[in-house]
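Listed in TrEMBL:
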BINDING   8-13, Asp33, Arg38, 86-90, 127-128, Glu161, 272-275, Arg342  NAD(+) binding site
ACT_SITE  Cys272  active site, nucleophile
DOMAIN    328-452  domain 'UDP-glucose/GDP-mannose dehydrogenase C-terminal'
Amino acid sequence: MVKICCIGAGYVGGPTMAVIALKCPSIEVVVVDISVPRITAWNSDHLPIYEPGLDEVVKECRGKNLFFSTEVEKHVSEADIVFVSVNTPTKTQGLGAGKAADLTYWESAARMIAEVSKSDKIVVEKSTVPVKTAEAIEKILTHNSKGINFQILSNPEFLAEGTAIVDLFNPDRVLIGGRETPGGEKAVKALKDVYANWVPEERIICTNLWSAELSKLAANAFLAQRISSVNAMSALCEATGADVSEVAHAVGKDTRIGPKFLNASVGFGGSCFQKDILNLVYICECNGLPEVANYWKQVIKVNDYQKTRFVNRVVASMFNTVSGKKVAILGFAFKKDTGDTRETPAIDVCKGLLGDKAMLSIYDPQVTEDQIQRDLAMNKFDWDHPSHLQPVSPTAIKSLSVVWDAYDATKDAHAVCILTEWDEFRSLDYQRIYDNMQKPAFLFDGRNVVDAKKLREIGFIVYSIGKPLDQWLKDMPAIA
């Protein structure tokens with residue numbers, strides 16, 4: 001009977017361990033975290049994260065071979081395999097500030113593992129970490145090992161939020177990196193055997209440690225780059241009268257390029273893309289590769305440009321001022337089917353509009369008012385620290401209200417901004433919304449979810465990213 005322990009009960013640890021428990025009934029899986037509220041939530045009917053299908057998996061296994069506990073040291077010392085999925089924020093001060101990963105939580109986890117272990121262990125990196133982290137962790141473990149043998153593996157996760165359970169049930173690939181030594185190979189095989197319970201063998205890729213660590217950063221950089229590429233094209237489409245959806249469709253028909261990740265939008269978000277690219281940039285700089293670093297920096301620059309351009313378009317279209325005007329924000333999560341707001345483009349768009357003294361009314365089906373207020377008051381990169389170390393609930397922003405209904409949000413508004421592509425925004429009664437808005441009524445679609453032609457017939461002035469511009473918008477140019 002193998003016992004697995006995972007340190008960190010967040011977006012990665014929780015779902016991953018729940019699926020391992022479901023697929024491997026003979027393995028005991030314990031998820032540990034120092035946060036009492038978080039573990040309490042995992043043991044309740046209201047899980048701390050929203051992910052389609054997660055509830056069913058947890059309810060099926062919890063109490064049988066899946067457990068959630070705050071007794072971190074006890075379960076780590078009893079485990080054969082320890083997964084570590086703790087926060088790896090971007091450093092905000094000191095060496096590498098703004099780019100390098102802060103491995104404080106990682107290091108304290110490693111020291112704790114070394115301290116409490118009484119038997120040999122396989123330690124698995126699950127959180128996104130910079131290349132060579134494994135080497136640092138290995139040094140900490142071996143220098144404190146007291147004769148116990150530790151093998152370090154890198155097993156990066158490739159989950160997409162909103163489809164995490166599907167991704168775990170049927171992954172494109174499972175990547176396991178280990179040392180090319182007899183001990184390392186044995187550890188890789190042990191982890192491979194766990195996944196082989198449900199993942200076909202040809203999808204389990206085994207590499208050396210550095211390749212596994214770098215593959216995760218590279219995959220996210222390539223995905224983000226595609227989004228920035230289509231977003232850069234969207235600006236050119238608006239300037240020339242082309243339609244970015246038509247361009248993306250034509251480009252995606254090339255089988256070498258493919259159709260995925262070619263939707264123009266207000267920008268990418270999520271906990272990994274920006275962080276991983278900054279990490280990649282820092283590693284390149286540290287290794288004397290400034291040209292490579294600058295190449296990847298552009299992906300983030302274009303993303304920031306896209307958010308700025310959107311805010312400028314909103315303000316410029318509305319007679320160059322949004323001061324005192326009610327603006328409805330539909331959607332705050334970084335994408336549909338998740339309540340996650342980490343690095344969501346909505347934060348920068350809302351801050352930009354608040355900076356111009358707009359009155360915001362925000363509706364998102366999965367995000368609470370407390371979360372929105374916190375996100376808008378937080379400093380950059382603060383979100384990636386454990387919640388008990390984040391600033392306590394800040395003073396509420398007065399010019400902002402959070403409502404639980406799209407019609408409420410849009411009543412008496414001068415403009416509507418769609419910032420998340422929730423399915424329900426496609427089927428709203430836009431005639432009703434128009435009738436209850438101030439005129440002229442503006443709709444700025446940051447996700448290309450509405451039928452602009454129909455909305456123009458109702459009477460809206462519509463801006464859709466990367467689409468031919470309304471005459472109104474042409475007369476009010478917004479150059480970022």
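The first residue you see is number 1, and the count goes up from there.
Just so you know, glycine gets a Cβ as well, placed from its N, Cα and C.
Remember, predicted model here, so these are calculated numbers, not experimental data.
Gly8 (NAD(+) binding site) has a Cβ environment of 26 other Cβ atoms inside 10 Å. Rounded to the nearest whole angstrom, the C-alpha distance between Thr90 (NAD(+) binding site) and Cys272 (active site, nucleophile) is 11. The number of other Cβ atoms within 10 Å of the Cβ belonging to Asp33 (NAD(+) binding site), over all protein chains shown, comes to 24. Averaged across the domain 'UDP-glucose/GDP-mannose dehydrogenase C-terminal' (328-452), pLDDT in this predicted model comes to 91. Within the group of binding-site residues (Asn87, Thr90, Gln274), the Cβ with the highest number of other Cβ atoms inside 10 Å belongs to Gln274. Using DSSP to sort the residues of the domain 'UDP-glucose/GDP-mannose dehydrogenase C-terminal' (328-452) gives these counts of helix, strand and coil: 42 helix, 19 strand, 64 coil.
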